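Q: The structure's right below; bear with me while I get my questions together.
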Amino acid sequence: MPVDINIINSLNLFEDLSHAELEEIVSLMRRIRVTEGEAITRRGAPAHTIFIILSGNFMVFFKDGRSYTLHNKGDVIGLSTVVIPFYYTGTAVALSDGVVMSMPGQELLRLIESNPALSDKIMKKINQIIAERIPFVTGRC
Amino acid sequence: MYGLDAISAHNGWHMAALGISIVFTGLILLSFTVAQLHNILRLFDNRDAYYKRIRGLFKKNNNKQEVSDSDLSLSNNVKEAAGQCKLLIERIGEPFPLPRLIELSEKCGMSHPYSTINDLILAGFIVPDGKGYYVWNQDEQN
Amino acid sequence: MENLLMEFISNTGFAMADYRHIIMITVGIIFIYLGIAKHYEPLLLVPIGFGILIGNIPVFKGLGLSLYESNSVLHYLYFGVTSGTYPCLIFLGIGAHTDFSTLLARPVLMLLGAAAQMGIFLTFLGALALGFAPKEAASIGIIGGADGPTAIFLSAKLAPHLIGPIAVAAYSYMALVPVIQPPIMRLLTTRKERLVRMEEPRVVSKREKIIFPVIGFLLCCFIAPAALPLLGMLFFGNLLRECMVAERLAHAARTSIIDTVTILLGITVGASTQADVFLTPQSVGIFALGAASFAVATASGLLFAKFMNLFLRKKINPLLGAAGVSAVPDSARVVQMVGQAEDPTNFLLMHAMAPNISGVIGSAIGAGILWSFLGG
């Protein structure tokens, strides 16, 4: 199912982007319905797809049992798609029925590589998110 | 030899009829199996609940309250679930890994373990300890 | 020296060429043109087209140049075709490339894939009636499966001398799916039927996708064991794709392996169409029957979809029946195109993929059955 550009515009990750940049991003995205208990990423699997939550609640858990939950529209899952190690470091499971937007990581990377201005805006946001989550991933809490 | 004679002479009618019948049989069987696959998986996932229901039929008068992983029966009502999850958390110990609590709730036959625990998180019964694990929030319960 | 020069000149292609070589070279150039300029299946038509050029340079026998000489390089490469190795490796790649979720979400659409295989068996009867031997008739009939690798596989097993014309016919008609199918689709459906919207498919879990190739393989190959080489590789490729722990292998299967084999298959099948073995009255018959086979397969799928609608509570769009011929994904795209011509907001592509993929399974089973009937 295609994604509405206004939805993308309202998300924190993409709020600084121009209309043209948003259109490019939207063309890569698909809406996916998920059901309670469904895993959208699995730890150790190659990270091909990045997910952005539109509705629903999610838990991301790691090998040692550590986990965090995501409940807000715009929260991102699967950042390993665009940064090392390029495989999912955690398993993301839907805690309730919901809707996510999926975007092929290779396509996003290609877009980022071909558009330095866009790259700068998105990577800054992604780095912020990673900085918040890194203790969970590395177990350095 | 040409025409219908050639077809008959080479047993063509039988081969064609049997051939298309086998293709149909194969794909109908596959289609039927695939159509039932998700039902079978659901049955498998809820096998504990089904076992329990079957066991319940044989043990109607047994009122013994045993708190073990498989004998707990949990409802989806948040307050009730809160009390029951509390029991499970006591068994795991605090702070506890959230996936372990979900796994245990599932084993105990909770019908929607993910959304129930999500409700408990949103209601503030279960809170993160800041280190990736979770604790039971006594204040919220009181 | 003069003698040597005259001998050399008499051995050049210019001296040895006759009108048949010119015809075949023209055909090769047309294939290359269609692939590059018209984008008709370029990944197939360009290698086959160039293969036709390679195969139709007139050469003198004995030097090991021709594909049909046992000591030539091309002959060794062609072994992958005659042994059935290339088609099976292509099926591995198709499996690793294909997402079966639309089929899992609506398994009833698989029946359309079965119905379209009627084209195979009706053409088999037609070929018998025209005087072809049973093994040749079966190889010609499989063109209606609209599946190049399957057609080559069966021809290699039953009628190796016809691989060239059958492969060229199968791939030509697959490339021409957007031209052949729409008129038949419009003829056999009403506007109201073409406007039918399909229900959104249910979400398919990862576990279902992992289990499907194992169950599908066991079930299909127990019913038709002769389909084992093709379906074994198809379902194995799909398991690699879905199991998540063998992504490197799946990636290799759907990229480097299938690409390498497509090049080798295309070039050798093209080269096998040497004028003296290709330009025969038999080839004309094969092309005519191939076209009929495609048309019958399309019509069978469409009519069966209409027949199913008599019993279904929630009607399906009968155009989906045309996707039962297994030219993946072209016939599904044609369904989308014809559907959207009536209603631009009606998206049928994902629904059409279900009969399209089951058509691949159905045609492989069909090939297996014909091989088991006639292979002895």
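A Cβ is built for glycine as well, from the same backbone N, Cα and C atoms used for every other residue.
TrEMBL does not curate its annotations; it predicts them automatically.
TrEMBL feature annotations, pasted as is:
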TRANSMEM  C:21-37  transmembrane segment
TRANSMEM  C:43-64  transmembrane segment
TRANSMEM  C:76-96  transmembrane segment
TRANSMEM  C:108-130  transmembrane segment
TRANSMEM  C:162-189  transmembrane segment
TRANSMEM  C:210-236  transmembrane segment
TRANSMEM  C:284-305  transmembrane segment
TRANSMEM  C:357-374  transmembrane segment
Q: Using a threshold of three or more Cβ pairs below 8 Å, and leaving out pairs closer than 6 in sequence, do the transmembrane segment (C:108-130) and the transmembrane segment (C:357-374) count as in contact?
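A: Per Cβ check, the transmembrane segment (C:357-374) touches the transmembrane segment (C:108-130).
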Q: Let me spell it out: take the transmembrane segment (C:76-96), skip the flanking residues so only those 6+ beyond its ends count, and list any with a Cβ under 8 Å from a Cβ in it.
A: 67, 149-150, 152-153, 156-157, 160, 163, 213, 229-241, 249-251, 253-254, 257-258, 261-262, 264-265, 267-269, 271-272, 328, 360, 364
Q: As a test: from C:21-37, C:108-130, C:210-236, C:284-305, pick the stretch that has the greatest number of Cβ pairs under 8 Å with the transmembrane segment (C:162-189).
A: C:284-305
Q: Against which stretches of its own chain does the transmembrane segment (C:284-305) lie, if we need a Cβ under 8 Å and a gap of at least six residues from its ends?
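A: The answer is 111-113, 115-120, 122-123, 126-127, 130, 132, 140-141, 143-146, 162, 165-166, 169-170, 172-173, 177, 180-181, 184-185, 188-189, 316-325, 331, 355.
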